[in-house]
């Protein structure tokens with residue numbers, strides 16, 4: 001089965017690369033009766049679940065429906081034509097999109113087949129794909145990343161992430177919905193559990209969240225800090241930003257550069273995990289490793305502070321730090 005999945009990825013990658021990029025890039029989503037979401041999702045987002053009949057797909061689809069997310073169908077090969085949780089099940093993403101008018105997908109598919117599921121969503125030209133799966137082979141994700149760069153229609157969030165939520169409107173992923181409260185803070189994080197910590201704290205101090213995005217901890221992901229920060233900076237509902245990073249890579253340094261260049265007046269509070277991590281040892285996530293003298297917490301903290309970001313020494317201080325900055329600037 002794993003060989004079949006790898007073969008499918010290769011075939012789809014070739015097909016994507018052979019298509020006319022100018023034609024693909026010029027296509028625009030038509031949002032009937034509503035503007036496109038400020039930060040990837042809103043109450044109008046129509047979601048299908050790839051892997052809906054599996055244990056994880058079933059549980060989290062139930063949770064999403066209870067939260068109020070517009071779940072419109074699911075995809076499980078060879079189970080097309082059936083129903084699950086009261087939703088129609090299709091054999092392919094293309095069929096599901098045609099029948100349900102879905103514009104987003106969430107993936108709960110085992111690691112050997114997850115990359116093929118992402119590529120299927122790309123082929124169907126969905127606006128958003130959220131991949132929760134952890135442990136996807138890096139070789140598979142390199143091919144997915146290459147395919148993503150050849151088009152501009154579809155955005156991938158993840159893999160190995162908790163997902164994305166706009167409190168009170170749309171929950172796509174595994175995060176606990178009840179800790180979120182509609183509000184003023186945009187949160188972007190490489191860590192799932194630290195995202196929940198930041199959410200709980202910003203809710204506790206009365207600020208709430210505009211949108212929360214878990215970008216995942218793998219080396220090859222679809223959406224990075226810069227992508228999210230650009231959206232948060234432009235979003236009128238987002239008045240402050242929380243950024244949670246970790247050792248490894250240069251994503252946090254890139255984020256610091258954008259914050260500096262943008263000249264945004266929105267307060268940014270950050271926490272970087274892994275300050276005491278030894279070089280060369282992976283800390284939890286596949287991308288959380290200091291190698292070649294790069295990716296240290298100290299470098300990231302320095303870059304963020306130089307960009308005017310308030311950097312917390314402890315994740316327990318994220319909420320109170322943001323509230324203090326809001327008070328200093330007369331925002332509360």
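Quick reminder: no glycine exception, Cβ is built from N, Cα and C everywhere.
According to Swiss-Prot, the protein has these features:
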| type | residues | note |
| --- | --- | --- |
| TRANSIT | 1-23 | transit peptide |
| BINDING | 53, 54, 55, 56, 79, 132, 133, 134 | CoA binding site |
| BINDING | 196 | substrate binding site |
| ACT_SITE | 285 | active site, tele-phosphohistidine intermediate |
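This view paints the features noted in Swiss-Prot onto the structure.
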residue: 53; record: CoA binding site; DSSP (3 states): coil
residue: 79; record: CoA binding site; DSSP (3 states): coil
residue: 132; record: CoA binding site; DSSP (3 states): coil
residue: 196; record: substrate binding site; DSSP (3 states): helix
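Taking CA atoms as the reference points, residue 55 (CoA binding site) and the residue listed as 'substrate binding site' are 23 Å apart. For the pair residue 54 (CoA binding site) and residue 196 (substrate binding site), the Cα-Cα distance reads 25 Å.
Set side by side, the binding-site residues 53, 56, 133 differ in how many other CB atoms lie within 10 angstroms of their CB, and the most is found at 133. Sequence-distant contacts of residue 132 (CoA binding site), defined as residues of its own chain at least six apart whose C-beta falls under 8 angstroms from its C-beta, comprise 56, 60, 106, 107, 108, 158, 159, 160, 161, 162, 163, 173, 174. The two recorded residues, residue 79 (CoA binding site) and the residue listed as 'substrate binding site', have Cα atoms 35 Å apart. Fewest Cβ neighbours within 10 Å among the binding-site residues 54, 55, 79, 196: that distinction goes to 55. Across the structure, residue 133 (CoA binding site) and residue 196 (substrate binding site) are spaced 18 Å apart at their Cα atoms. Cα-Cα distance from residue 196 (substrate binding site) to residue 134 (CoA binding site): 18 Å (rounded to the nearest whole number).
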